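Here is what Swiss-Prot records for this protein:
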ACT_SITE  Arg237  active site
ACT_SITE  Glu266  active site
ACT_SITE  His298  active site, proton donor
BINDING   Arg158, Ile159, Asp178, Cys208, Pro209, Thr235, Ser236, Arg237, Asp261  NAD(+) binding site
Amino acid sequence: MKLTVFSAKPYDIEYLGGIATNQNSSPAIEINFLHVPLSSETAAFANGADAVCVFVHDVLDANVLRELYAAGVRAILFRCSGYNNIDLREAERLGFFVANVPSYSPEAVAEFAVALIQTLNRKTHRAYNRVRDGNFNLDGLLGRTLHGKTVGIVGSGRIGLAMAQIVQGFGCKLLAYDPRPTEAFKKYGEYVDLDTLLSQCDIVSLHCPLMDSTQHIINDTTVSKMKRGAMLVNTSRGGLIDTQSVMKALKSKRLGGLALDVYEGERALFYKDHSGDIIHDDLLMRLTTFHNVVVSGHQAYFTEEALTEIAECTLRNLDDWAKGVPTANALVQGRNSNGRRERGLARL
């Protein structure tokens, strides 16, 4: 079984390669790691592979899928939860097996969201830089106590639930908005409509998937309904936020702070070193000049535990496909490695 991994970083090689070596899979897996992202220009590098492993910024449009199919690839494995970058209907038509890693260490993302909140709130990033320059003045570093504040969680899935469990420990009141409420979350907070959440919360944290109904869920209209001076945190998907809208809200002081681990235009920038380049994304560069904005490079998931779970689940998905065993992680069941057609589109 030959697997080609696109957009491979050193940590992908360490975790995927290490776990593949140590696990007993049948048939044995031969992995080819490529640092280049998958696109129409690089799809030919998968020639001879049974499967490809891709990441959130790889391109899997109809043209790329057809090139992969012509190269002999029959399975596509996402080593992430998001799959907005693939044409699933074309993948189904061609008979691909497609699977993702739906959840990995939700606590990692929730913990990072809280870290962003406290960095922004208590201004530890500014204090760190001051002290390095010998400046121990506290002016401009005033924060607020989280205890007693109201935190709104948009999306109460596994990450949203983990967020609720952590924030409850600070003594915060919790509100949530989700079209699909869960009994598990009701132990920690109250479900309300989005307008109520925005108007009452001191902190709003986004933990919902990106789809048509959530694209730019934060926009001119919804920002105008937020409590004045509230903090907005996004560790989910960049497309949830209309960046122009939050920029205006920051300038008018409607928003008191913004913490982003994801960004709508991140594909051209994130996971790469641009320290020696001129960055042409004027919107992002403008955001980073605000004293009340913190931006990180999509690292909320980035823990040892999460990388282990991702590697194990990715290889388990491959093993299930190779053995013709249905997997709950399939986005498209396609054909198994023996060419037998399984049921079509699993979910969209």
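The backbone N, Cα and C atoms fix where each Cβ goes, glycine too.
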Candidate nearest Pro209 (NAD(+) binding site) in space, where candidates are the active-site residues Arg237, Glu266, His298 and distance is Cα-Cα: Arg237
Recorded positions compared (Asp178, Asp261, Glu266) - the one with the fewest other Cβ atoms within 10 Å: Asp178
Cβ-Cβ neighbours of His298 (active site, proton donor) (radius 10 Å): 19
Other CB atoms within 10 A, centred on Arg237 (active site): 24
Residue from Ser236, Asp261, Glu266 whose C-alpha is spatially nearest that of His298 (active site, proton donor), among the recorded positions: Asp261
Cα separation, Glu266 (active site) to Asp178 (NAD(+) binding site) (Å, whole number): 26
Glu266 (active site) and Ser236 (NAD(+) binding site), distance between Cα atoms, whole Å: 13
Collapsed DSSP category at His298 (active site, proton donor): coil
Around the Cβ of Arg158 (NAD(+) binding site), the count of other Cβ atoms that are within 10 Å: 20
Rounded Cα separation (Å) that holds between Glu266 (active site) and Arg237 (active site): 10
